[in-house]
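To start, the structure under review is shown below, and the notes come after it.
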Amino acid sequence: MHSRDKALQDRAETSSEIFSIKSWVDARRQPADPGKVALRKEDVADPARNGSSHQRRPETEDRREVPIKIPDHLPARSILENEGVAVMRESDAVRQDIRPLRIGLLNLMPDKVSTETQLARLLGATPLQIELTLVRISDHVARNTSAEHLEAFYRPWRDVEHERFDGFIITGAPVERLAFGEVRYWPELQRIFDWTRTHVHSCLTICWAAQAFLHHFHGVPKHELAAKAFGVFPHRNLAPNSPFLRGMSDSFAAPVSRWTEVRKAEIPEGRGLRVLAESDEAGLCLLHDPQRRALLMFNHLEYDGDTLANEFNRDGGPIPANYYPDDDPARPPMNAWRSHGHLFFGNWINEIYQTTPFDPAEIGGSAAQGDALIPA
């Protein structure tokens, strides 16, 4: 066994919390084929020749079905299998002589199982091998997820803070009506935000986490709304040439579920911040912070079709806007955002793949890297 394979296998045997999304090429188990190109170290352009250590996009691709490898007992497994997502054994993925993209997910939501399933579904739809590490706040006790689930599949952030990730997702949390400083884990989250600058190639923050990121680095306040922004709203694509929004319609639907907002007029100038998408009804949707290699998504393209229905049935209140046919909760809601959710997350993963260094030790190693990831 090659030393690289042995290292990968050893890591896999001791890390049940890691998903591995299999590449479309099994470099170890199939003979060389010019029509099937895997990302291997020798496939990376020589830095001495072109001054770059970034991965090179394959010129040809075999677009066969891409399986996702997940632990046998993770609840997401049966859900994804029933949806037709190919699920594989861990041992099949670790034999590939390629470097997978390392994606971390700091899950702040109470229902961690639903959130991890939603995001694994979107990441698993991309034709790349991905290791997904589930992360939790170190000392915060989750009330809606069993301790057994957290112990089996999640790592506290203090255990991963010395590792590097190609991408890192931070979810929202139902704490938006509290002042930032009143959130019990706010000091640790601030350290995590700072850590992403030196240990993460691209950070994606969602909903409250996006508001918190913007406040931490830029001092932008959040404001409580007179009524909850709740429903599916049309959004304008302000940057169709952005790699993140490439292929998305000029107007696209996105679910919104929040009690607070940040205002476009309060986004500071001169810091490179760029609004990529917004809504007349729901306000800011997507903001790009290239200096910090970060995307701030204030809404929820990752939601399942029934997520808003579940919130409505749990909390009551006004019917979510533009969601049920004829605003009738007795009728099944229509998922009007599924394709754009897949496209957005696929664009994010693709841009990471094209720009992240092959050597993980180089991630976060220079300010120039931040400028290299996604032009404004």
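Cβ atoms here come from the backbone N, Cα and C positions, even for glycine.
TrEMBL lists Cys207 with the feature active site, acyl-thioester intermediate. Residues annotated as active site, proton acceptor in TrEMBL: His300. Taken from TrEMBL, the feature active site applies to Glu302. What TrEMBL lists as substrate binding site is Lys228, Ser257, Arg314. For 56-65, the entry in TrEMBL reads compositional bias 'Basic and acidic residues'. As annotated by TrEMBL, region 'Disordered' applies to 28-65. Positions annotated as site 'Important for acyl-CoA specificity' by TrEMBL: Glu176. According to TrEMBL, the site 'Important for substrate specificity' annotation covers Ser257.
Sequence features annotated in TrEMBL and their locations in the structure.
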residue : record                                    : DSSP (3 states)
Glu176  : site 'Important for acyl-CoA specificity' : coil
Cys207  : active site, acyl-thioester intermediate  : coil
Lys228  : substrate binding site                    : strand
Ser257  : substrate binding site                    : strand
His300  : active site, proton acceptor              : coil
Arg314  : substrate binding site                    : helix
Return the member of Cys207, Lys228, Glu302, Arg314 nearest to Glu176 (site 'Important for acyl-CoA specificity') in space, with distance defined Cα to Cα and candidates limited to these recorded positions.
Cys207
List the Cα distance (Å, whole number) between the residue listed as 'active site, proton acceptor' and Cys207 (active site, acyl-thioester intermediate).
7
By a 10 Å Cβ neighbour count, the lowest-scoring of the recorded positions Glu176, Glu302 is Glu176
Highest Cβ count within 10 Å among the recorded positions Lys228, His300, Arg314: which residue is it?
His300
Calculate the distance in Å between the alpha carbons (Cα) of the residue listed as 'active site, acyl-thioester intermediate' and Lys228 (substrate binding site), and round it to a whole number.
13
If you measure between the CA atoms of Lys228 (substrate binding site) and Glu302 (active site) and round to the nearest Å, you get 19
List the other residues in this chain whose Cβ sits within 8 Å of the Cβ centroid of the substrate site residues Lys228, Ser257, Arg314, in sequence order.
Phe230, Leu308, Glu311, Phe312, Asp315, Gly317, Pro320
Integer Cα-Cα distance in angstrom, Arg314 (substrate binding site) to the residue listed as 'active site'
20
What is the number of other Cβ atoms found within 10 Å of the Cβ of Ser257 (substrate binding site)?
22
Between Glu302 (active site) and Ser257 (substrate binding site), how far is it from one CA atom to the other, in Å?
12
With substrate as the bound species and Lys228, Ser257, Arg314 as its recorded binding residues, calculate the greatest Cα-Cα distance and give it in Å as a whole number.
15
Run through the Cβ atoms and count how many others sit within 10 Å of the one on Cys207 (active site, acyl-thioester intermediate).
25
